[in-house]
Amino acid sequence: MWFVFRPAAIPALLLTLGVSALSPLRPLVSTAGQHEVIPGWYLQSERHVSSSIFSLSFPGADVSSWYRMGPRGTVMAGLLENGVYNETHLFFSDNFKSLPDADFRDVSWLYREEFTLQPGSGQHFTLHTHGISSRGDIYLNGHRVASKDVQAGSYAGYQYDVTKHVLKGGNCLLIKAYPTNYLRDLALGFVDWNPYPPDNGTGIWRHVELSQSGPIRLSSPRVTTDFVPGVRVNDTNLTVKTDVHNIGQETIRGSIKGFIEGAQNQRQPISAPFTLKPGEQQTIEMNTTIQNPSVWWPASWGDQPLYTARISAFVGKIKSDGPKRRKFGIRHIESRVNDQDTVEFKVNGKPFFVMGAGYSSDIFLRFTVERITTIFQYVLDMGMNTVRLEGKQEHPELYDIADKMGIMIISGWECCDHWEGWKYNTEGFGQPWTDVDYPIANSSMLHEARMMQTHPSILAFLIGSDYWPNDQATNIYVDALRRMDWNAAIISSAAKRGFPKLLGPSGMKMDGPYDWVPPSYWFGDRLGAAGAGGFGSELGSGVGTPEIRSLKKFLSEEDMKDLWTKPNKVLYHMSAGVSQFRDRSIYNKALYARYGKPNSLDDYSLKAQLMDYEATRSEYEAYAAYKSHSNPTTGLIYWMLNPAWPNLHWALFDYYLKPMASYFGTKTGARIEHAIYDYREQAVYLINHSNSRSGARSVTVDLINIDGKSLSHSTMKADTTPLMSQKLSKVSGLDKNRDVSFLRLILKDDAGKVLSRNVYWLPQREDVLDWGNSTWYHTPVTEYADLTPLSKLRKADVRVDINIQGRTKTRVSLQNKSNHPAFFIRLNLLDKASGDEVTPVFWEDNYVTLWPHERIELGVTYPQTHRVELEVSGYNVEKKMV
C-alpha cells in the first residue's frame with residue numbers, strides 16, 4: 001500500500017552601549033500586521049550580575065558592560081561574537097578542553113534588549129519564541145510573561161499576548177536561559193559526533209519576534225492541494241488554511257483576504273468570512289483552483305517553481321493583521337514499505353531513489369545563509385538529492401534554500417539522549433520521560449511542522465532515530481503533524497528495532513557501518529551492504545580526512561605527527577572521547593596493510609585520500625547498482641555530510657569548505673548516468689538516475705597494468721532506461737592482474753558524448769571480510785588487499801595548460817606524456833595573493849587518473865574575488881604550480 005501525502009528584512013537598530021538611549025528611536029513595531037525580530041541582545045552570566053532579575057527587566061538599567069550580540073545565538077556564539085574566545089585558537093589542537101565548564105554547565109545566562117513602542121487604542125502585541133535552549137524565564141517591563149516550566153524545549157515555539165505589559169516609549173525584554181542538559185532536556189545535541197560545546201547550546205538560538213495587530217491575530221498560512229500526477233494535471237484545487245484568534249474582548253465579524261501569486265504574474269484572490277467570540281480560535285479555509293499548475297521537482301528532474309500565499313485579516317475595512325506570507329510548491333509525495341520491509345518514496349509519481357548525507361549544525365549553532373547555500377551547492381555538485389537533519393532542524397532559511405535548489409529534506413528528532421529516553425532503549429543515555437515531557441514534545445512538533453509545512457523540499461519527518469517513540473509520544477507527534485496539515489511522509493524511526501502501533505515499520509535499516517570497510521563490502525549481501533537491499537538511513541566507512549593545508553589550521557605539529565606515526569592513538573578531533581570512534585585504529589590498520597606504512601605526513605595524507613575516495617565511491621555505486629534488484633536498495637544517507645567543527649572523519653568536505661577525496665568519490669559514484677564496477681561480481685553496471693533519459697549507450701572498458709600495458713579492451717552496449725540500473729557483462733582480463741591493475745570505464749551516448757569516466761585501481765585479490773564477527777559499526781577484514789605495488793609506479797610527466805575564462809571560471813587541460821598511468825592527480829586552486837586554498841570551489845572532476853598519453857579537460861568555477869593559480873600533484877606526479 002502507498003501512503004499519499006497532500007499538500008516566508010529585519011530592520012537593524014543602531015544601538016549604543018547605553019541602553020537607555022534607545023527610547024527616542026523609532027518603534028520596533030508601529031502598525032497592525034507588523035512583525036519584527038528583536039534586533040539584538042545584551043548578554044551576561046547571571047553569576048556576574050549583582051542586580052535582581054526583576055530590576056533588570058525594567059527599562060533604563062545600565063548594562064553597558066554586558067556583551068552585545070546579534071538577534072540569535074547561543075551563549076558561546078555570543079561570546080565568540082564579542083571576542084571573548086577566538087575560534088581559531090579554540091579549534092586548534094586540544095585547546096577546546098581549556099574552556100571553563102564551570103562558567104556554563106550550572107549557570108543561567110541573561111539576554112536583555114530595550115526597544116521603543118507607541119501602543120494605541122485597540123492594538124495588541126504578541127511575543128513569539130521559536131527556540132530557547134532549553135528553558136527560559138521571560139520578563140517584559142517587570143512582569144514575568146512565562147516561566148521556565150512554560151517556555152521549555154529547544155524547539156518549542158510559543159506566542160505570548162503581552163499587550164497589558166507594554167509601555168509607551170521604552171520597553172525592556174529580559175530572558176533568563178537556563179543551562180541545557182542533553183540527557184534531561186528535549187534539546188539539540190551532538191551525540192558522539194564531536195566534543196560538546198561547554199554551554200550545551202544554551203541560549204536564544206532562534207529569533208524572538210514581536211508583532212502588532214488589532215484584535216484578530218493570524219497564523220502563517222498553510223497550503224494543501226489535491227495535485228496527483230497522472231490524475232489531476234490540468235488544474236489543481238488548493239486550500240489555504242490559517243488559525244484565526246480573537247484576542248479582543250468582544251465578538252468580531254471579519255474576513256480573511258489574500259492572494260495566491262505565481263511565477264508568471266498569476267494573482268488569484270482568496271477570501272473567507274469569520275465570526276469569533278472573545279478568546280476563540282478557529283481554523284479558516286480558503287479554496288481556489290490553479291489552472292495548469294507549475295509543478296515543483298527535485299533538482300535533477302525539473303524546475304522548482306514556487307507560489308506565494310499572502311493573507312490579511314480585516315475587521316470591516318480596517319486591517320487587523322497581516323500580510324502573512326508563505327512560499328509553497330506544488331508536488332506530490334508518496335511512501336510505502338514494500339514486501340522486503342523497505343521504505344520506498346515517490347515524488348510526483350516517480351520512484352525517488354534517495355542519495356543523501358547527514359547534515360550537522362555548527363558546534364555553536366551559528367548559522368548563515370551564505371554557508372548553508374555553499375553546503376547545498378556542494379550537495380548538488382556531488383550529485384546528491386537529499387539531506388538528512390537528525391535533530392538539527394536549523395532555521396526557516398535552510399528550507400527556503402532547499403526549495404529554491406530542489407534538495408529534498410528528511411528531518412527528524414535526534415538519537416541517544418532525552419529524545420529517546422524510552423524504557424526499551426537499551427543503548428541510549430537519556431533520562432526516562434515523565435509527564436512534563438509530553439506537552440513539550442507536542443509544542444515542539446507543532447512548531448516544527450508549522451515551520452516546514454509549505455516547503456516542497458520536505459520528503460519525510462522521522463519521529464524517532466535509533467529508537468521509535470512510545471505510543472503516547474507517537475500519537476502526540478502524529479496528531480501535531482496532521483494538525484499542521486502535514487503533506488510528506490511520517491516515519492517512526494531510522495532503524496528496524498521496533499515500531500509504534502500507529503505507524504508500523506519504518507522500512508529503514510541502521511546496520512552500519514560507521515567505520516572503515518573495504519570497497520568490496522558495499523557489494524556484499526549482509527548488514528549495510530547494498531546486496532542486502534534496503535534503505536540505509538545512516539552508514540559509511542567513517543572517512544573524510546582533510547588535506548594538509550586544512551590540517552595545519554587546527555592541528556599542531558605533534559598532532560600531525562601522531563596521525564601517521566601513532567595509528568592507534570586517541571585523537572581529540574575525532575568523535576567525542578567516550579565514543580567508539582575516538583581514534584583511527586581500524587582505518588589506519590587498513591591503510592598500513594593495503595597501501596604500506598606511511599613514511600611522512602605527505603605520504604599518509606595521500607594514502608588517506610586514496611582510501612577515502614574508494615570508500616565513498618563504492619558506497620554510492622553499490623546502492624545505485626542494486627536499486628533494480630528483486631530485493632532493491634531504495635536510498636542511502638552517507639554518514640556524514642559536513643562536520644560541526646574541524647574534524648578528521650565523517651565528512652565529504654572539511655570545516656573550511658574544502659572538498660576532499662571523499663567528496664569526489666561521492667561525485668563520481670552519484671553521477672546521474674554512470675558505468676560502475678561491481679567488486680563482487682567483477683561486472684559492469686549501467687546506472688540511470690534520471691527520470692527521462694533513455695536510448696543507446698556504450699561503455700568502453702580498458703584494463704591496464706601499472707606499466708601501462710593493456711590487459712583487455714572491450715565495448716559493452718545497452719539501452720538505458722530512466723530510473724533503472726542494469727548489469728552488463730563481466731570485465732575480462734582480470735586473471736592477468738599480477739599485482740595492481742587499472743580499470744577505466746567510459747560511458748557514452750549514441751552521439752558519442754562522454755557521460756561518465758571512471759577509473760579503478762584493483763588489487764590481485766580483494767579484501768576478505770569476516771562477516772560473522774561484524775559489530776554495529778564495523779565488519780573486520782581477515783586478509784587485506786595488497787595495493788603496495790602502487791609505490792613502484794614510475795613518475796609520470798603530465799602537461800598542464802590552463803585557460804582562464806573570465807573572473808570565475810577556468811579550464812584545465814591535463815595530458816599524460818608518459819607510457820604509463822599518471823595516478824590520482826590532485827588539482828588545487830590557490831589564491832595568488834595569499835596562497836590560501838580557494839573556497840568554495842567546484843571542479844568537474846578531481847583526483848583523476850590518466851591513461852598513457854591520454855588528455856582530458858576539466859572545468860572549475862570559484863568566487864570572482866580571487867586571482868588564482870593552480871597546484872598540480874599526484875601519486876606519481878611531481879607537485880608543480882601553474
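Residue numbering: from 1, along the chain as shown.
The backbone N, Cα and C atoms fix where each Cβ goes, glycine too.
The active site, proton donor annotation in Swiss-Prot covers D466 and rests on similarity to another entry. What Swiss-Prot lists as active site, nucleophile is E538. Marked as N-linked glycosylation site by Swiss-Prot on the basis of sequence analysis: N86, N200, N234, N237, N287, N442, N688, N773, N816. Taken from Swiss-Prot, the feature signal peptide covers 1-21, and the record attributes it to sequence analysis.
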Three-state secondary structure, which DSSP defines for N773 (N-linked glycosylation site):
helix
Which residue among the glycosylation sites N200, N234, N237, N773 has the fewest other Cβ atoms within 10 Å of its Cβ, if you could check?
N234
If we check Cα distances from N200 (N-linked glycosylation site), which of the recorded positions N86, N237, D466, N688 wins as closest?
N86
If you draw a 10 Å sphere on the Cβ of D466 (active site, proton donor), how many other Cβ atoms land inside?
21
Within 10 Å of N442 (N-linked glycosylation site) (Cα-Cα), which of the glycosylation sites N86, N234, N237, N287, N773, N816?
none
Identify, in sequence order, the residues in the chain of N816 (N-linked glycosylation site) that are 6 or more apart from it along the sequence and have a CB within less than 8 Å of its CB; answer 'none' if there are none.
A796, D797, V798, A822, L850, W851, P852, H853, E854, R855
Among the glycosylation sites N287, N442, N688, which residue has the fewest other Cβ atoms within 10 Å of its own Cβ?
N287
Out of N234, N287, E538, N688, N773, which of these recorded positions is nearest N86 (N-linked glycosylation site) by C-alpha distance?
E538
Let's check the environment of N86 (N-linked glycosylation site): how many other CB atoms sit within 10 Å of its CB?
11
Three-state secondary structure, which DSSP defines for N234 (N-linked glycosylation site):
coil
Could you measure between N287 (N-linked glycosylation site) and N237 (N-linked glycosylation site) for me? Cα positions, answer in whole angstrom.
7
On a C-alpha basis, identify the one among D466, E538, N688, N773 that is nearest to N237 (N-linked glycosylation site); the candidates are the recorded positions.
N688
Counting distance between Cα atoms, which of the recorded positions D466, E538, N688, N773 is nearest N234 (N-linked glycosylation site)?
N688
Cβ distance under 8 Å to the residue listed as 'active site, nucleophile', same chain, sequence separation 6 or more: which residues?
G358, R388, E390, A494, M510, Y514, I637, W639
Can you tell me how far the Cα of N773 (N-linked glycosylation site) sits from the Cα of D466 (active site, proton donor), in Å?
22
